[in-house]
Structure formats: C-alpha cells, structure tokens
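Record features, source Swiss-Prot:
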type	residues	note
DNA_BIND	17-21	DNA-binding region
COMPBIAS	1-14	compositional bias 'Gly residues'
MOD_RES	LYS6	N6-acetyllysine
MOD_RES	LYS6	N6-acetyl-N6-methyllysine
MOD_RES	LYS6	N6-methyllysine
MOD_RES	LYS9	N6-acetyllysine
MOD_RES	LYS13	N6-methyllysine
MOD_RES	LYS13	N6-acetyllysine
MOD_RES	LYS17	N6-acetyllysine
MOD_RES	LYS32	N6-succinyllysine
MOD_RES	ARG56	omega-N-methylarginine
MOD_RES	SER61	phosphoserine
MOD_RES	LYS78	N6-succinyllysine
MOD_RES	LYS80	N6-acetyllysine
REGION	1-20	region 'Disordered'
Amino acid sequence: MSGRGKGGKGLGKGGAKRHRKILRDNIQGITKPAIRRLARRGGVKRISGLIYEEVRAVLKSFLESVIRDSVTYTEHAKRKTVTSLDVVYALKRQGRTLYGFGG
C-alpha cells in the first residue's frame, strides 16, 4: 500500500496519461436489424423506413437521462464506479421500476 488514502493518486508519479478516443455518432451502432428485432419482439409486423432514425433519437434521449441520474447517484455517494443499484434507482426515479437487480 502506498498510504495515499482511498483512491487518491497523491504526490509524486501519477498514472500514464491515456489518449481517449473521441466518441461521435455512436447511435448509428444501433443498427436497422437491431431496431427491427426489438419491434418484432413488441409485436410489430411492418416498419416504415422513417422509424429507424426516430427510434435512435428517442433511445438516445432516454439513455442520456438515465445515465445522468445514475451518475448523480454515484457522485453523491462519492464513488467513481456506477453500480447496478445506481441505475435501478435512476429508473425508479423516472417511474420505470426495474426488478431483479437489488434495491
């Protein structure tokens, strides 16, 4: 142990600075067949071509709000790791209770 307390780098040598990949337009990773499979699971038979971009936009805004709330819970607990309970509580706050992950 280096004696620097919980999670602190302290003085002296820090870790290597890593280059982070700049993420842009990752929502396109939700492919057309993936959206089609989700719709099929929901009982949809035919899908308009305009739906795919709309679904991506709705999914992105939903995930942004859940992640924002989850990170708020994490920061309040003075942690750096988002836990499954943080996500469960964030979903519960938005009125979408999720069972099976504790809490």
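The first residue you see is number 1, and the count goes up from there.
From the backbone N, Cα and C atoms, a Cβ is placed for every residue, glycine too.
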By a simple count, how many Cβ atoms lie within 10 Å of the Cβ of ARG56 (omega-N-methylarginine), its own Cβ left out? 17
When secondary structure is assigned with DSSP, how many helix, strand and coil residues does the DNA-binding region (17-21) contain? 0 helix, 0 strand, 5 coil
Those modified residues listed as LYS17, LYS32, LYS78, LYS80, and which of them has the most Cβ atoms within 10 Å of its own Cβ: LYS32
The number of other Cβ atoms within 10 Å of the Cβ of SER61 (phosphoserine), counted over all protein chains shown, is 10
In Å, rounded, how far does the Cα of LYS17 (N6-acetyllysine) sit from the Cα of LYS80 (N6-acetyllysine)? 18
